[in-house]
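Visitor: Questions regarding the structure given below will be posed in turn.
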Amino acid sequence: MQKMGKQKNKTASFSFWNWVIASIIFRLILIYFPKNLNLASRPEVSTPLTSFRRLAEGYWLKQLSMSPYAGFSFCFFFFSLCPTFFNFFFILIRQKKEMYLIFLVFGYSGSMYHGSPLLLSLLGPLTVKRIEGQPNHLLYSLVSVIADVVSAILIRATGKNLRLAYLRSLESLDIVQQTKASEILSPGDAAALIYLWNPFTIVACVGLSTSPIENMAVILCLYGACSRLVPLAAFGWVIATHLSLYPAILIIPVIFLLGCGPDAPPRKLFLQKNNKEEVLSKSKLRLGFSWRPITHFAFWALLWSAYVLVLCGISLKQFGGLWEMFKSTYGFILTVEDLSPNIGVLWYFFAEVFDFFRNFFLIVFHVNILFMIMPLAIRLHHRPCFLAFVYIAIFSMLKSYPSVGDSALYLGLLGWFVNELADIQFSFFLFCGYVGVSLLSPVMHTLWIWRGTGNANFYFATAMVYACLQIILVVEGVSAMLNHDRKLRNLATSKPQDAKS
């Protein structure tokens, strides 16, 4: 039996790596298509925070000893709608730098690049390097492919850790056999392959978005916390927060992971057993909360934060320092200055709202995320990884500038709970809805912008449907997980009665 199990594991591992290699080859084939299928200009893929063009513009300005956050504001929206004109205009600037730069700097105010200065130093050189006879930006595309593969490997490793910890907790309740019979797939392999082969992940990778880098930082944080590698978890959390701000709320699931351990059944089940001391002696779980890893995490988070801020300060020393970075990155996210179309709902709302009410609704939309943090944390504190999935899905839906790369992350993490959420309702409806929105969104955008036969309501309708689908996914996912916990409680409490009878 052991030999059969080993052979089965080897076969599964071999099959997994075959799928990984196939996903890499598929990405490279798409990269070699002319102009990367023009995905970099799609509003569903590139946002003001993740756009490759804005990264290239920021790096170019920095090379000219100008602030990377100096750029255009009046022509933002026009350029986002007319990428062909933008390319032509960019060529003119490169040919006559002095005349056009003076015109742009004094003619317009605002900023074009809104990302991290560290990305400019790391990825900026890849925006100008060319390999003769190869597609443009091939090196940058290879970095995105590597980020996707590393993220998938970390997702798989985290899924394995979650499954082992979960099986140990079920063994302490003597219900492992009942739950093993209902298992469908290995959670780690399923999650990794879902992430690699998700069309959203592939489009974000081929579309030269910085989303793969941001997703890798989030996954690195969760992997470090689940594996109890405190410095790695702190590093991933600091980098993810630095790049996108919204992952800051993931500190709550990380604290639960470090203090209580990975996902497990509700801890009151262990206390409801008849022989409490015997169960606790059998179990290797820590039913209490340990503060020592939390203090270590706080120390490492402060250390990494200081290190990142020092590097950013050095990089922007001649361009306004850290205040310029905070204003052009986090301030840009919180104030929703750029109203160019995307798959979110804020751009349309703030384009229509009166300026007098703008600040009020800014507070409402951002505080809406914060209002959901504590109730979910109280209800799902025993499942920190699932709590992280819910948080990521919520801020991917309500963030200022969402993209399909954000959805690729939480849909990949959903694979960790493929067995627990096997009874989720409306799964077929959600699948068809995501496919429909993915197909209709480019069509509506083309009818509005290029054909002129539609208007903004066409594109905004798909954004509203997309938001509703994410709401249904979160609500039904949480409901299915709570039902699974009730099922475990029934199995744990009914077993002693069956033994007596």
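Using N, Cα and C of the backbone, Cβ positions are placed for all residues, glycine too.
TrEMBL entries are annotated by machine, without manual review.
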Visitor: Suppose you had to name the range TrEMBL annotates as transmembrane segment; which of 193-213, 424-444 would you pick?
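Guide: Within the set 193-213, 424-444, TrEMBL attaches transmembrane segment to 424-444.
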Visitor: Between the transmembrane segment (245-264) and the stretches 297-316, 385-404, 456-475, work out which stretch tops the count of Cβ pairs under 8 Å.
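Guide: By Cβ pairs under 8 Å, 385-404 leads among 297-316, 385-404, 456-475.
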Visitor: Cβ under 8 Å to the transmembrane segment (297-316), counting only same-chain residues 6 or more beyond its ends: which ones?
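Guide: Same-chain contacts beyond the ends: 67-68, 116-118, 120-121, 230-231, 233-235, 237-239, 242, 254-255, 258, 322, 324-325.
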Visitor: Out of 138-159, 356-378, 385-404, 456-475, which stretch has the largest tally of CB pairs under 8 angstroms to the transmembrane segment (328-350)?
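Guide: When the Cβ pairs under 8 Å are tallied, 385-404 comes out ahead.
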